[in-house]
Amino acid sequence: MILDILVKLNKLKIILASTSPRRIEYLGKLGVKFEIVESKFKEDLDKSQFQSVYDYCLENAKLKAIHAGIQLKEQNQQPNIIIGSDSIVVYDNKIFEKPKSLEEAKSMLTLLSGKIHTVCTAVHIEFFNENTNSKGSSSFYTLTNVEFDQLSPELINYYVDNFKPLDKAGSYGIQQTPAASFIKSINGDFYNVTGLPIHDLSINLRKIYVDNFLEK
């Protein structure tokens with residue numbers, strides 16, 4: 001969705017406010033040239049203050065982008081586009097983020113075993129055009145339903161003990177072949193499950209560029 005404007009888009013200073021290997025990989029494979037800034041946002045929001053789990057995810061993505069912008073401003077840098085993203089796993093209206101321990105990871109996978117859960121990835125984009133002095137933002141989230149097969153306690157224990165998925169929302173990474181073998185079906189954007197909804201991101205980047213940077 002952005003291939004025809006990629007050359008022009010890549011003339012902008014674009015920041016990815018994430019050090020996630022998968023987000024870095026897939027944004028790069030899309031052909032976008034960008035720099036990486038690790039946002040210092042602590043991700044310590046009170047979930048009970050949000051009307052929905054998706055609002056919580058959106059706010060995390062927003063604050064990641066905003067904090068990255070503040071960090072760059074302190075270094076006298078002004079990018080054109082900052083992309084913040086956050087992913088959560090949702091089951092029974094409960095949020096499964098990155099587990100804090102191996103035991104918590106095992107508990108998460110036990111709850112998800114044999115069931116359909118939802119992966120929500122929220123994206124927040126801050127933009128600034130220095131030529132027109134215009135700025136703004138855009139936010140969205142993408143949902144993908146993932147169905148797990150039945151996972152035995154032995155399988156869960158082996159996976160967690162050997163692959164230690166403490167950096168994965170929901171305690172699994174679909175890009176890891178062992179974890180991919182848990183998945184019976186996927187309904188929605190595969191890349192969304194990895195942490196970056198490529199299709200929806202492309203649509204939003206295109207709209208931001210055409211509306212705010214394309215010379216009329």
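Just so it is clear, glycine is given a Cβ too, placed from its N, Cα and C backbone atoms.
These features come from Swiss-Prot:
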ACT_SITE  Asp86  active site, proton acceptor
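The Cβ of Asp86 (active site, proton acceptor) has 26 other Cβ atoms within 10 Å, all protein chains considered. According to DSSP, the residue listed as 'active site, proton acceptor' is assigned to a strand segment.
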